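Here is what TrEMBL records for this protein:
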DISULFID  100-105  disulfide bond
DISULFID  250-254  disulfide bond
DISULFID  294-332  disulfide bond
DOMAIN    69-371  domain 'Peptidase A1'
SIGNAL    1-20  signal peptide
């Protein structure tokens, strides 16, 4: 249990994306031969006008009481396959360097720049090389080579590195371009737009770059504006309120960030205690984490998030965790986890939320969209 509890307190739990290029088939009804070239030309024009996209399937893995969406990207020439997490908080991707001797690095696949014919050192641990995602290769892409890992919880993460989809302003200040920016510049995608769908049960998920997959959602997107300033460059958006039943998490000036790299709802210690007390939570020896009576889960109230004029609802079985231990014993945990030094009006919406709601990140219009997952 101690091992499980220590994992729960980890903000740095990483998830990853396996990538593949989608196959698109256009069905054209039978028409007379003289008309076919005209239809063909129109279809080609439409295809050329549509923004290019890349679709990346995600594979779900449960390890050490955590949930990961794992995958690969290839770095260098010839390509060195790396298991990566899709993370919206970092502006630049990174992988473990062959020069790193930390246990995390040596237990994972390490990038060897000497083995790549397209490697270029920029400065220090900042490098450039070819990076392939879903068969789409970005030339001269800047990324970080990790030479030390300071987070002990990262040792439990099965992914090697990170595929970063964070804001690029800090990266550009260092003279580097994000991978999304490079994809646009090199014509691999048509716009800075990404969608994440995370499946329930044993299903994996999908990350779409350059556009959205409308088949992965069953409702219209509710768009919330990104709250941006020079000091806080992130995908944080403003929402109207968050509450669990009659217990308010935030009622004004509320901000949320949807992250697939953690399962949990992270919030301030006070906010988490108020919610978990209302749910009948009990102390399990880890600050900010609460156990729940498994027999009462069905009676707990609904989580409601008012965002962009729409109410996003989650049932108690969708915002809690049920772990099956040895001998058929079950342990139930609240998905609401408190962290120290966390603002009372800020909440992180983890993969528990994203398994219920398709999430879209639109850099061009500075907004994040939420829709019911299909």
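Including glycine, each Cβ sits where the backbone N, Cα and C put it.
Just so you know, the Cβ of residue 250 (disulfide bond) picks up 22 other Cβ atoms within 10 Å once every protein chain is counted. Taking Cβ-Cβ distances under 8 Å and a sequence gap of 6 or more within the same chain, the neighbours of residue 105 (disulfide bond) are 96, 97, 146, 149. Each residue contributes its Cα atom, and for residue 254 (disulfide bond) and residue 294 (disulfide bond) those atoms are 30 Å apart. A distance of 43 Å separates the Cα atom of residue 250 (disulfide bond) from that of residue 100 (disulfide bond). Residue 100 (disulfide bond) and residue 332 (disulfide bond) are 38 Å apart (CA-CA, integer value). Taking the Cα atom of each, residue 100 (disulfide bond) and residue 294 (disulfide bond) are about 44 angstrom apart.
Here the disulfide-bonded residues are 100, 254, 294, 332; the one with the fewest Cβ atoms within 10 Å of its Cβ is 294.
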